[in-house]
Structures are given as C-alpha cells and as structure tokens.
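**Student:** This is the structure, below, for whatever I ask next.
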Amino acid sequence: MRMHYMYSFEISALLVMLIVSVHFVLTRRFPVARNYVFFALLSVALVNNISNIASCVCLAHADTVPLFVNQILAYVFFLSEELTSILFVYYVYVACDVPAGKRLIIKRVEDVLVIVFSFLLISNPWLHGFFYFENGMYYQGWGASFGYFYIILSIFLTLCMIAMSGKHVVQGTRLVVGTYGMVACAVILLQFFSREILLTGIANATLILIMYLTIQNPNELLDRRTGVANEKALNVCFQNSYSIGREMVLYNIDLRQYNQINASYGYETGSRLLFEVGRFFLETCGAFHVFHLGGDSFVVAVYGEQDPEDILNQIFSRFENPWEIDELEIMLRVRVVRIDYPLHVKNMLEYLELNSFMKTIIRETGLQPFLKADKEIILRYQRKHAVEQALLMALENESLEVYYQPVVDMQTERVISMEALVRLRDEKLGFIPPDEFVSIAEKNGSVVMLDEQVFEKVCRFLREQILNNHGLGIKDVHVNISVIFFMQNDMSKKILDIMERYGIPAEYITLEVTERAAATAPEMMEKHMETLAAEGISFALDDYGTGNSNCSYLINYPFDKVKFDKTMVWSYFTSKTGKIILDNEVNTIHELHIPIIAEGVETKEQMERLKRLKVEYIQGYYYAKPMPQKEFLEFVREKNQLHERNEETE
C-alpha cells in the first residue's frame, strides 16, 4: 500500500528532543549506567525521528532522490525503532533497579520479539515484510503492522515488570512509565488507523521529556546549598562502585564549629561558608567525588588514580588557614573519619551506620581529629550491632530481667526499700552490662519501650509478692526513668495506666530521675512530676555528686530523696577534698529535710562512717548485690527476721 505522510508532528518532536539533548550534554552528571542508557535512548530516538522526517522528504521527491538513499533511510528508521524499544525496556531495568529474578521472564519474551523484528528487518530485501519499493515508490509490507504490535507489547512488558517488582520501584517511576504507556499506546493506535499521520516521534519525545523531568532530573542528586552532590547521589555512587567492582576510600569530614558560626554570624554567612567549603572539595577531588550529607557533614569518595593520603593532607592543610567570607576571616576545624569500601562496608546503609559509630567515638573520646577504621573498631562496631539486635529481640519477646538491690534503713538496719535494675542475657553474647545496652537504647530510641517493660514487670512483682506480704517490710521500690521517656507527652499517663492495671498504690513507687532530664526538657519534666506527685508518687534525684546533679534541682523540683552516687561516696574515703564536699552536702540536704541514700557502699568502714554522718539509707554490695526476685525475697526475709531476733535478744 503506497502512502503519503504528514510529518509536521515529527518536526515538533525533533525540537523537543534537541533541547533535551543540549541540556543533557551541558549538565554535570554522574557516570552511572542509568545516564549512559538514557543518553543512548535519546540518541537513538533522535536518529529515529530524523530518519523518519528525512525519509518523508526524500519520498516526496522520489523522482530526483536516488533509490538507495530512500532504502537506507527506511532501514535506519526501522532499526532505530527497534533499538528505541529495546533501550526503553533496558532503561526501566536499570533506572528502577529491578531484581534479576523479577525481569527474567519479561526479558525472555522481549528477546523473542527482538528476534522476530530482526528477522523481518534482515529478510526484508527478499520477503518485503516491512516495506518495499516499486517503480521508485515506497510501499508498506505485509508485516508492517508488527512494528506497532512490537512497540505496544514492549510497553506492556515494562508495565508488567514494574507491577511484579513491588517495593523495588518508587511511585514516581511507576507514574512515568504508566503515563508514557497510556500516551504511547493511544498515539500508536491512532497512527495504526491513520498511517499517513506520523506520530512515532511525538510518542518518543513525550517519553523522553517526562523521564528527563522526573527520573533523570539532574537536581535530584544535587545539594543546592553547597553546590555538591547530595546523600542520594552517594547511594548512586555506591551502586555504581558495586556494579563495576570499584574500590573507594571514603572520608567523612565534619565542620566542628559550624553551629557556633551560624549563631554568631547568621545563617547567610554560614551558608556561604558551606558553599566555599564545598567548592574547595570539588576543586580538590572532582565533581563526582564530593557529597553533602546535611548540616556540617561532607563525604569525599577517593577512587581511580587519586591518592587518598594526598587528598587527606590537602584537606587538613586547607583547614589550617582561615576562610574569607566578605571581610570576615573564619577558622574552621574538622573531624575526619576514613572507611574503605568494600573492605569495611558493603553498601551505603552499612557505611552510614559505621560512620555514625566512628563519629561518636572521635567526638566522645576527644581523640585526634582523624580516625581510620581498623580491625579493632570493626569488632567494637560489630559488638555494638550485636548488642543492639539482642536488645531489640529481648524487647520484642519481653525477656528483659529485673533484678532488685536492697536499700537498708540505718536506724533500724532493716531492708525497707529496693531499686529495680534491668538485666539482659543473650544466648550468644551471654550477660550484657546495663551500661552497654542502656546507652544503645537511649541512642536508638528503644529506651522508652525498655522503661515501660521494666516498670510493668516491677508492678507485677509488687502485686504478686510485696503488696500482700506486709511482713517483708518493703515500703517502696525505686525505678529509673530515662530522659527520653520523660520527654514523651504521655509518659505520666503510661505510668499511671500501668499502676492502675496492677492495682499499685502510689506510695509504693519512687521514680529516680537524673539532672539530664531537667536540662534536656525542663518544662516536660516539671509537668510530669507535678502530675505524678499529685497522685502520691515520690521522686529521687539520682547520681547526685557526679557533676550532673546539684542543689538547684532540689529547689526547683519536688524531690523527696537524694541518692549520692558511688563515686562521691568513695571520694569521701580517698580524698580530703571529697570528704569536705560530702560533709557539706550532707549538712545542706539535711537542712532541707530531704533523706539521703548512699549508693556503692561496699565495706563495713564505709557503712559505719556514713551512719555517723546520719545518712538515712545505704545501698551497696556491703549488704547485697542486685538479685533476681526469688533470691531477693529470701534475702529480705532472712535479713529482717535476723534483725528482729537480735532485737528480741537485746
């Protein structure tokens, strides 16, 4: 069938693709597979569009254009049409990171289509499947309709692939492919029934434009504030390194005084300083090597011909000199962490976790401003990760244990109270010290669940063993409450709900609070203390004497008891200064009529000296270590009954 074609829409499509091509070439991009495939798709679509227009023009002047020119243009058009569909499917593979198992069946069907299309194209000179020329005129062949079927089926296959990939594909990509699928199918069906109107280029231009503005958006990987790549780009860098087997040295650089600079000179000056720092890293390391993770944190990825030690020396050398912003000269100091990929980490998630762990070490220990990952650090990190997993498993299974340490009244020498202390045992790790897993719980936020579970276990113990056993002489239980739990709006409600569930009288509960809670969230702490104190719950100021607690908190908050930390107690016996301080603190607190509990008492001498100071209560290994419920109950019975027998003998 001989055709006369209208190609005005193809010219419009050509202009759109040329604009996208120029912008794509002039814009800095990461050298990753997705960009390479998109450029290939864009190039082939341009060839397809240009060959289609050129073929129409030449066919309109068939009497003057040599036959072989028209034949070549026709072959180029059909070949580029096939390649456009192949590259579109492959782009979806790469851009969506679709797992190999999900795309295997789709790929096999696509392969069959490619084979059929290629056969028709190769055999066209003899079978005339797609087209043929007769008397210098162009005619569509018997298999021309397969080209439309091939494009529509390729689109359908990509939609099926995305549907089967589930969470592996982001919503934006689904929208792009789905929109293109509907537009392309509508255009192709229109052209199928009106073959004189050429619309292939419009379909391709629509696809490319939508992809370029969404999936291929260059700003997606750029941090505008600093002019360098962002955290998402770093993830792309990891993926690219994995795919090509590339090794990297990753330097995380934190600007130490950046927050103070923002506060002193203003946000605008701080932003300009960040931009200058980013520009220095770009000039030193290259466009695809620098990433801004937010705030004052940059990452430099060293690979290829670059020398990691030379890059590090250049960084430290530059930060020894001031940064000039307008007329200001600002000095910056940095902390640098080095992690090697894939020696120390296998992916971006592992990198961020190890990096955070090492930054905590370098910040808390006050070491030199450079820390390199090594075997010891990796073992410490693995230990921390293992403890974290053990803690989360224990919280999920509610298998945390609560031990109790007795508190002895110095006047009666009876056990009148107890402190609840959480314990964690793991099948693989064994006993895990509280200081280790509680600090991890505070950092990952699970300490709220930990506090709730401990408090509930304490209330259950009170209900089952203490409330109906007045002969034991236990008046209350001390429970530690974390800073983070105190910061929750519903903290007091949760405490009261648990107590109501087990029928616990308020006078049996004393909550231990450190100064950190007051310093971190004073208004929230005051609110909860007022609510709970109104119900009859008591409060003890914990860790007094560690530098974290002082008399100002006794003035501002309704504390009923004060607990001297063991370091303060021990200093009384080892230091003249410590003795003077403790004597004065005891006198001051007694004048406030607040009872004192001395922790960490381990010897008879310590007990007797503290008793002479009129410290009301003693807690420590001198009397007993923390014990499980059953052992604690046996100890209290024996201790208090022994005291009663001694009183009767006297």
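In case you wondered, yes, glycine gets a Cβ from its N, Cα and C as well.
TrEMBL does not curate its annotations; it predicts them automatically.
Annotated domain 'GGDEF' per TrEMBL: 246-375, in sequence order. The domain 'EAL' feature in TrEMBL is assigned to 384-640. The transmembrane segment annotation in TrEMBL covers 6-26, 38-62, 68-92, 112-133, 145-163, 175-192, 198-215.
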**Student:** Of the residues in the domain 'GGDEF' (246-375), how many are helix, strand and coil by DSSP?
**Tutor:** 57 helix, 36 strand, 37 coil
**Student:** For the transmembrane segment (145-163) against the transmembrane segment (198-215), do we get 3 or more Cβ-Cβ pairs below 8 Å once near-sequence pairs (under 6 apart) are dropped?
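**Tutor:** Between the transmembrane segment (198-215) and the transmembrane segment (145-163), which are separate recorded stretches, there is no contact, as judged by 3 or more close Cβ pairs.
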**Student:** How about long-range neighbours of the transmembrane segment (68-92): same chain, 6 or more residues beyond its ends, C-beta under 8 Å?
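**Tutor:** Same-chain residues near the transmembrane segment (68-92) but 6 or more away: 34, 37-38, 40-41, 44-45, 47-48, 51-52, 54-55, 58-59, 62, 98, 106, 110, 114, 117-118, 121, 124, 130-131, 133, 138, 147, 150-151, 154-155, 157-158, 161-162, 173, 177, 200, 204, 207, 211.
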**Student:** Near the transmembrane segment (6-26), which residues from the same chain, at least 6 beyond its ends, have a CB less than 8 A from one of its CBs?
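**Tutor:** For the transmembrane segment (6-26), the sequence-distant neighbours (Cβ-Cβ under 8 Å, at least 6 residues beyond its ends) are 38-39, 42-43, 45-46, 49-50, 52-53, 56-57, 196-202, 204-205, 208-209, 212, 216.
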**Student:** Under an 8 Å Cβ to Cβ limit, what residues of the same chain, 6 or more beyond the ends of the transmembrane segment (112-133), are close to it?
**Tutor:** 67, 70-71, 74-75, 78-79, 82, 86, 139-144, 146-147, 150, 153-154
